[in-house]
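Taken verbatim from TrEMBL:
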TRANSMEM  6-24  transmembrane segment
TRANSMEM  36-60  transmembrane segment
TRANSMEM  80-98  transmembrane segment
TRANSMEM  110-126  transmembrane segment
TRANSMEM  132-151  transmembrane segment
TRANSMEM  163-190  transmembrane segment
TRANSMEM  210-231  transmembrane segment
Amino acid sequence: MWRAGLTEMVGSTFATFALVGSIIGCMNSNVAAPVLLVPIVVFFVTFFILIAVAPISGGFINPTFTFIASLKGVLTISRAIVYIVAQFIGTTIGFLLLKTVMSHDMSLKYLLAGCTINAYGGTSGISPSTAFVLEFSCTFLMCLIGVTVAFDKKRSKELGPIMVYIVVGGCIALPVLISSTITGSVGYSGAGLNPARCLAPALLYGGPQLWNGFWVFMLGPFFACIMYYIFSINLPKEGLKGSMISQS
């Protein structure tokens, strides 16, 4: 188990380093709409990290996926705890690496790409309640697509690992695209989808911008996982035989 936990920690470290570093690079670019590049980066980083670590540890990387996996019995409680601790440690190390190599001005400008609901004060952000609804909805959407497919042994086998990795990458990129564009608020960073990714910069950088509404990024995914689990245990064991797919 410890080898798998180590893999999750290393995977989380360099997923964070690659993902957050690339996102900051996108936002600092001179393209007309840099925010539209972010979900593309999210997709490819997720895809390549999964190719590397999924065969070893399952490639959960994100405490949200680990938590729902424990609820659904994919992971034992003890393994899930090891994974979640490893993911938080790895993500923090990843942000430490970024903080080390980034200039102070760049770090200050983007707040280490932390999770914010109103980074610049005034009317630049959104309310905590709106942020919670977005966090819940985007996390549920991520689970609805990614978990429903990836945790289904039959469908995963039919699709093959590469296609499953594509689905998982897409299920993360889609909520990122929605949440980062739908509000039109520059002070809102978009859905966190990953409590570790939101906690690490808050601890390392601090400041009211990162702690204001921080609970949203912790409780939103938690409640989304609970609700998705309740939904998933009530799904039919077999697909609808009269569906358009089965008739074609």
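Even glycines carry a Cβ here, placed using N, Cα and C.
If you look at the transmembrane segment (163-190) against the transmembrane segment (6-24), you find fewer than three C-beta pairs under 8 angstroms, all six or more positions apart, and that falls short of contact. When each of the listed stretches 6-24, 80-98, 110-126, 132-151, 210-231 is scored by C-beta pairs under 8 angstroms to the transmembrane segment (36-60), 6-24 comes out highest. Beyond the ends of the transmembrane segment (132-151), by six or more residues, the same chain brings 64-65, 68-69, 72, 74, 126, 159, 164, 167-168, 170-172, 174-176, 178-179, 182-183, 191-193, 216-217, 219-221, 223-225, 227-228, 232 to within a C-beta distance below 8 angstroms of the stretch.
Between the transmembrane segment (80-98) and the listed ranges 6-24, 110-126, 210-231, the one holding the most Cβ pairs under 8 Å is 6-24. Non-local neighbours of the transmembrane segment (210-231) in the same chain are 63-64, 67-68, 71-72, 111, 114-118, 128, 131-132, 134-137, 139-140, 143-144, 147, 191-195, 198-199, 201-202; each lies 6+ residues outside the stretch with a CB under 8 Å from one of its CB atoms.
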